[in-house]
Amino acid sequence: MAGEHPLLSTEIVNRGIEATGPDAGSPTFSVRVRRRLPDFLQSVNLKYVKLGYHYLINHGVYLATVPLLLVVFSAEVGSLSREELWSKLWDETSYDLATVVAAFGVLVFTACVYFVSRPRPVYLLDFACYRPPDELKVSNAEFIEQARKSGKFDEASLDFQSRILKSSGVGDETYIPKAVMSTENCATMKEGRAEAAMVIFGALDELFEKTGIRPKDVGILVVNCSLFNPTPSLSAMVINHYKMRGNILSFNLGGMGCSAGVIALDLAQDMLQANPNNYAVVVSTEMVTFSWYPGRNRSMLIPNCFFRMGCSAVLLSNRRRDFHRAKYRLEHIVRTHKGSDTRSFRAVYQEEDEQRIKGLAISRDLMEVGGHALKANITTLGPLVLPFSEQLIFFATLIGRHLFGGKEGAKPYIPDYKLAFEHFCVHAASKNVLDELQKNLELSDANMEASRMALHRFGNTSSSSIWYQLAYLEAKEKVRRGDRIWQIAFGSGFKCNSAVWRSMGRVKRPTRNPWLHCLERYPVTP
């Protein structure tokens, strides 16, 4: 237990005036102990740093070879005068047709191999985030009142959910389906399909309208939804609704948690590399109705308090002629999976409770295992994105600690990730997670603004939450030409995934955006 103490945080909670009993009329307090994110920058695993440099070298070996060739060429030519260089080229060298043709052939072949083997750029043309109708909007007080009227919860469960909501960071304008508050079972295929059609078609209709792309022009479709996986699949539902072409490459990802949005991007990127001159659409969502838990298990009641309706649709292209109309270019994707560790695997686990009611159980180890996954991911990402000066200092101190040791408890040099990115889109899981992540990465309130506001306005929309945050940045007109955006998400498995984008130009305020109706009220203090 001694090793776990640094991973615990305590909070004194004022429970008000005792109404009955021997302590009636006296104020009462309780001490709440909970796990927090470990300080994952206190210790750095060298293997993840090596993995990051391995990615860098694999994708940029020319960075090492071209400067070397230039140095050798400069050393040879730099010592010659103009007359001596001209004499060597024309007077002292004899040329024949075969030599010239062979040299030209080698040059052309080398250039062709380089351009053919070079990864195709992946552009983001535009994206859309679905905003449900106002009739589905619910405040935290209304949430508890409707839950009470549904008759699915006892008073202890209602009190627990009320206390979670007060410290959740979720505001009073989030959206939930009407079915979850009915007296009947809502986790049915009918209700799941109804919610899926509402949010997915709503996001895709907006995307196709904004981009002018016809559904039949899309060659690759990736849909991710963790908990609701009907047959036929959600991707098949999209193809049927929009009458897409018969040779479309369709993928449906399930059971991959809140980080599935980045996983779907990675899959779409691979498909675009293998299929030139194509469009890819990535749809990220989660069905609240199908994952709703009406039981009494407290670890399973937690998702009820955070998860809300939402969906994003993203249009990607590998067509070079789309360079001028693209908003962003995909720079890097780094994925980390800690599923080999049993505690990580069980951190977010779908199962049945004692009454055989299906729910999503949240482990007490979630913050700790999430911190280790985050540490591994950002350490791998560092060499790909950090300025050379930061990498040099970080790597030198890291090697020094491993070779010569360091003082007990000495903190290694922490790279400044604010030098690598202008904007941060951190998966809005909960207020506590965002607080701890901000502390560990030493980010400012401005850096975390998009994540906190997305949690407050829309709640945890699972894999689509990072897109609601980017929509917030666009609505606020904060994205300038050349800006780098870091999207980082984590979810069951346990997984942590990062996507890095670079802005192709200044992004003006969109005409269609989920934030436009309430933008003047944000940012707020949750």
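Note: Cβ is positioned from N, Cα and C throughout, glycine not excepted.
Residues or ranges marked as active site in TrEMBL: Cys258 (among others). A C-beta separation below 8 Å, combined with a sequence spacing of at least six in one chain, links Cys258 (active site) to Ser226, Glu286, His427, Ala429, Asn460, Ser462, Ser463, Ser465, Ala489, Phe490, Gly491, Ser492.
Counting every protein chain shown, 16 other Cβ atoms lie within 10 Å of the Cβ of His337 (active site). The active site feature in TrEMBL is assigned to His337 (among others).
Cβ environment of His423 (active site): Asn447, Ala450, Leu470, Leu473, Lys478, Val479, Asp483, Arg484, Ile485, Trp486 lie under 8 Å away, each six or more residues apart in the same chain. What TrEMBL lists as active site is His423 (among others).
Residues or ranges marked as active site by TrEMBL: His427 (among others).
Residues or ranges marked as active site in TrEMBL: His456 (among others).
What TrEMBL records for Asn460 (among others) is active site.
If you look up TrEMBL, you'll see 114-402 marked as domain 'FAE'.
Under DSSP, residues within the domain 'Beta-ketoacyl-[acyl-carrier-protein] synthase III C-terminal' (422-502) fall into helix, strand and coil as 39 helix, 21 strand, 21 coil. Here TrEMBL flags 422-502 as domain 'Beta-ketoacyl-[acyl-carrier-protein] synthase III C-terminal'.
Here TrEMBL flags 55-75 (among others) as transmembrane segment.
Look at TrEMBL and you will find 95-116 (among others) tagged as transmembrane segment.
Per TrEMBL, the feature transmembrane segment maps to 249-268 (among others). Residues of the same chain lying 6 or more positions beyond the ends of the transmembrane segment (249-268) and with a Cβ under 8 Å from any Cβ of it are 122, 219-229, 233-236, 239, 275, 280, 282-284, 286, 312, 314, 316, 330, 333, 335, 348, 427, 429, 460, 462-467, 487, 489-493, 495-499.
Between the CA atoms of His456 (active site) and His337 (active site) there is a gap of 28 Å, rounded to the nearest whole number. The Cβ of His456 has fewer other Cβ atoms within 10 Å than any other of the active-site residues His427, His456. Within the model, the domain 'Beta-ketoacyl-[acyl-carrier-protein] synthase III C-terminal' (422-502) carries an average pLDDT of 94. The Cβ neighbour count for Asn460 (active site), using a 10 Å radius over every protein chain in view, is 25.
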